[in-house]
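Comments concern the structure below.
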Amino acid sequence: MRSHYCGDVNKSHVGQEVTLVGWVNRSRDLGGVVFLDLRDREGLVQVVYDPDLPEVFNVASTLRAEFCVQVKGLVRARPNSQVNAQMKTGEIEVLGKELTIINSSEPLPLSLDNYQNNSEEQRLKYRYLDLRRPEMAQRLMFRAKVTSAVRRFLDSNGFLDIETPILTKATPEGARDYLVPSRTYKGQFFALPQSPQLFKQLLMMSGFDRYYQIVKCFRDEDLRADRQPEFTQIDIETSFMTSEQVMAKTEEMMRGLFLEMLNVDLGEFPRMTYNEAMRRFGSDKPDLRNPLELVDVADLLKEVEFAVFSGPANDEEGRVAALRIPGGASLSRKQIDDYTKFVGIYGAKGLAWMKLNDLTQGLEGIQSPVLKFLNEDIVNEIISRTGAQTGDIILFGADNATVVAESMGALRLKAGEDFNLLEGQWRPLWVVDFPMFEKINGSFHAVHHPFTAPRGVTPQELEANPANRVSDAYDMVLNGCELGGGSVRIHNQEMQSAVFRILGITDEEAKEKFGFLLEALRYGTPPHAGLAFGLDRIIMLMTGASSIRDVMAFPKTTTAACPLTNAPGFANPQQLAELGISVVKAAKTED
């Protein structure tokens, strides 16, 4: 039905007859000549109909927005005065000779031109219309090209694209599973995979030493701008490669991807340990475009008569951190109060501050409600450590180390945006040397997942002292977003059992949930390592979209619903009976 895409017609086609199909983006009658902007996935082209062909002209006069049509005509150059530099096809137009209305369109329930006026609910309910917008179409086409480039790289490096099951068994990976009831085994359930983690490890045990898959994963978790209940991973696993080799290979892939798709050279990725990232930036995925850093000052404040500072300063699990904001002395009291409320979201009880109005006047040139508790030597050392100057403000977080990191790390990002401090467009890095475990309510939990290998310890040493052990794990971070995370895996049954016990999984539970893995580890398991990238998040960053919903064809809402299909929906009683399931209504609570 077509000879060319609309957006591909150019000056080289002048004098040629073309056949185009697409949608009427806009139609206008100017002095007896009808101009159509015809749109398809590749772009727009202007089609002109004049009264010399009255039959065709009359049909063209009836066209409305979003009619689906076929156009046959002659490509001609536009006069210089009519060249449209804003259009890819702006140097030419098509003189229409034939016109077929393939399908008419009713008035749209949402605007494609002023899409900002459409609610998120509308856009998702009529997603098939929203995707006609050039911006949305370009993102999905960009995504397809990225996916193709990733496949080419991995294929050329000896990786095998192998599918793993979607119906599988629940595993403890940090979020709730989506469960699928079994009709054959009533009362039993499959789980949709949160990742192909165990299957890709089993593939390494099978001898397929380089695996990849671009795969759907499912997590029933609370949603944010960068989360969806179903999402896509670039999943990679290798045998006989160290963490350094995996990082080098995947960095090569990412650098090549940015160069090919955006003509951006990311350069070599710097390395930073988890502890350094948390100390300097309050985050394990720091945005290095932001020059602000947290500075420890607890050692200066142990003896001050101000419990807000001295309490955490003398607590092994406490921290006092200072954050210097250049030019921040201009902040009003209300703005400081707003910052105080902001850190309160992260559990901080308050926010001390120090305005450096004029350092030539010594303490007289400093404004702060806590200044009376600090002597001049302490103040001068804080100023020296933070590198603060006249006109700056220093903000203080004092609490347990976790609260300080989370609250001041978030404030660092907010202040960087508020004061327009971000430098450069792309700042990648690797974060390495993650803790093996974290303690929550007195119990150990895996920082990555239970199959991550510790670094440099025996199973006996790990069980004897699990705290502060370092894992052989690594995250690739770009502009404050985790692009992907991975690790060396445990390939020894004794070590895997030890990790399970540390996590509170008894040997009996481990056998029930992971018996297949523990048995597989007995049969010559090779050392193996891998990494998984969030494809949706990569596309979001590369296209500048504000949400991963804008780079997915049919995403869910933030409440994990689909307005287009009205999913999730109720199952009919016969289906439930076949599955042996009865629905229990939630009891009504008394007011």
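Note that Cβ sites are derived from N, Cα and C of the backbone, with glycine treated the same way.
Sequence annotations record features per position, and here Swiss-Prot assigns L-aspartate binding site to E173, R219, H448, R489 based on sequence analysis. Taking the Cβ of R489 (L-aspartate binding site) as reference, residues of its chain lying under 8 Å away and at least six apart in sequence are, in sequence order, Q201, M204, F451, T452, A453, H528, A529, G530.
Among the features that Swiss-Prot reports, region 'Aspartate' is placed at 197-200. The DSSP breakdown of the region 'Aspartate' (197-200) into helical (H, G, I), extended (E, B) and coil residues amounts to 4 helix, 0 strand, 0 coil.
Under the heading ATP binding site, Swiss-Prot lists R219, D220, E221, Q228, E482, G534, L535, D536, R537. In the three-state DSSP classification, R537 (ATP binding site) falls within a helix.
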Taking only the residues in the region 'Aspartate' (197-200), give me the average pLDDT of this model.
96
Taking every protein chain in this structure into account, which of the binding-site residues E221, E482 has the most other Cβ atoms within 10 Å of its Cβ?
E482
How many angstrom lie between the most widely spaced Cα atoms of the ATP binders R219, D220, E221, Q228, E482, G534, L535, D536, R537?
20
Whole-number Å only: compute the distance from the Cα of R537 (ATP binding site) to the Cα of H448 (L-aspartate binding site).
19
For L535 (ATP binding site) and R219 (L-aspartate binding site), determine the Cα separation and express it in whole Å.
15
I need the CA-to-CA distance for R219 (L-aspartate binding site) versus E482 (ATP binding site), whole Å please.
17
Using Cα coordinates, what distance in whole Å links E221 (ATP binding site) and H448 (L-aspartate binding site)?
17
